[in-house]
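Student: Dumping what Swiss-Prot says about this protein:
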- 101, 105, 122, 123, 124, 125, 126, 155, 156, 157, 158, 159, 160, 194: folate binding site (BINDING)
- 35-63: disulfide bond (DISULFID)
- 55-103: disulfide bond (DISULFID)
- 64-107: disulfide bond (DISULFID)
- 87-173: disulfide bond (DISULFID)
- 94-144: disulfide bond (DISULFID)
- 133-207: disulfide bond (DISULFID)
- 137-187: disulfide bond (DISULFID)
- 150-167: disulfide bond (DISULFID)
- 67: N-linked glycosylation site (CARBOHYD)
- 159: N-linked glycosylation site (CARBOHYD)
- 199: N-linked glycosylation site (CARBOHYD)
- 232: GPI-anchor amidated serine (LIPID)
- 1-24: signal peptide (SIGNAL)
């Protein structure tokens, strides 16, 4: 009887170890080189030789089509009917950051570690707490200080009766710094925490760069690998306490 229990426990430990390793391997694969299940994303990333202007850094491997990249540069485009000029004309210095933000969101295949499922009519997945390099966030905030807005969360709460977003009743237009007093407030609050201000700098391999030189390769590939491996490893190592407990029971039975 003791021998049978020993064999059963041994098989259980081996099975749990195999399952943990399998989950880690599967998770690592699904977190890398993937596209979100969202409104305009391709099903799988691939080359797009004619990506437009600010979206062109992703042309060798992209989740967006050429048409999507062109629309990302337009005011009130068909993508989301979003009006950047809802409180007067947004400065070109500020708008380029929102265009780049749109290109990153639509085109990047390196956001897998931060993709979350959502129950929304226009998308099934979103990104959450993507660690944005501190310089990119700071520059975005600095370049938008002379532009105006009427809300701190641009994901919801707009008046869409005209077919595009307008300020809701009672919302007043103020400089960006009124609604976003810090760079962290801008990057983290504007899209419902899609981004999180990172303490890491560009080139560290630990934060996502909104801007990069494609001639030097895409630095976000390394960043995605780092976080995917960290997440997968956490899942695997999380099973060790239970495995150790079972092993102790096994040793007790054998003795």
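Yeah, the Cβs are placed from backbone N, Cα and C, and that goes for glycine too.
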Student: Which of the three DSSP-derived classes (helix, strand, coil) applies to residue 107 (disulfide bond)?
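Tutor: In the DSSP reduction, residue 107 (disulfide bond) maps to helix.
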Student: If you draw a 10 Å sphere on the Cβ of residue 167 (disulfide bond), how many other Cβ atoms land inside?
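Tutor: Cβ-Cβ neighbours of residue 167 (disulfide bond) within 10 Å number 17.
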Student: Which residue, out of the recorded positions 67, 159, 199, 232, shows the minimum number of other Cβ atoms inside 10 Å of its Cβ in this structure?
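Tutor: Per-residue Cβ counts within 10 Å for the recorded positions 67, 159, 199, 232 bottom out at 199.
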Student: Give the helix, strand or coil assignment DSSP yields for residue 124 (folate binding site).
Tutor: strand
Student: Compile a sequence-ordered list of residues in the same chain as residue 207 (disulfide bond), six or more apart from it, whose Cβ lies below 8 A from its Cβ; state 'none' when nothing qualifies.
Tutor: 131, 132, 133, 134, 198, 200, 201, 223
Student: How many Å lie between the Cα of residue 64 (disulfide bond) and the Cα of residue 35 (disulfide bond)?
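Tutor: About 9 Å separate the Cα atoms of these two residues.
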Student: Which recorded positions (63, 67, 94, 156, 173, 199) fall within 10 Å of residue 167 (disulfide bond) by Cα distance?
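Tutor: Hits: 173.
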Student: Could you give the Cα-Cα distance between residue 137 (disulfide bond) and residue 173 (disulfide bond), in whole Å?
Tutor: 22
Student: Validating a neighbour-count step here. Other CB atoms within 10 A of the CB of residue 137 (disulfide bond): how many?
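Tutor: There are 24 of them.
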Student: If you measure every Cα to Cα pair among 101, 105, 122, 123, 124, 125, 126, 155, 156, 157, 158, 159, 160, 194, the residues listed for folate, what is the largest value in Å?
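Tutor: Farthest Cα pair among residues binding folate: 24 Å.
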Student: Looking at the disulfide-bonded residues 35, 107, 144, 150, 187, which has the shortest Cα distance to residue 126 (folate binding site)?
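Tutor: Considering only the listed disulfide-bonded residues, the nearest one is 35.
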Student: Within 10 Å of its Cβ, which one of these disulfide-bonded residues (87, 107, 150) has the largest number of other Cβ atoms?
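Tutor: Neighbour-count leader: 107.
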Student: Sort the recorded positions 101, 107, 144, 156, 232 by C-alpha distance from residue 35 (disulfide bond) and give me just the closest.
Tutor: 107
Student: Under a three-state reading of DSSP, tell me whether residue 158 (folate binding site) is helix, strand or coil.
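Tutor: Looking at the DSSP assignment, residue 158 (folate binding site) belongs to neither helix nor strand, so coil.
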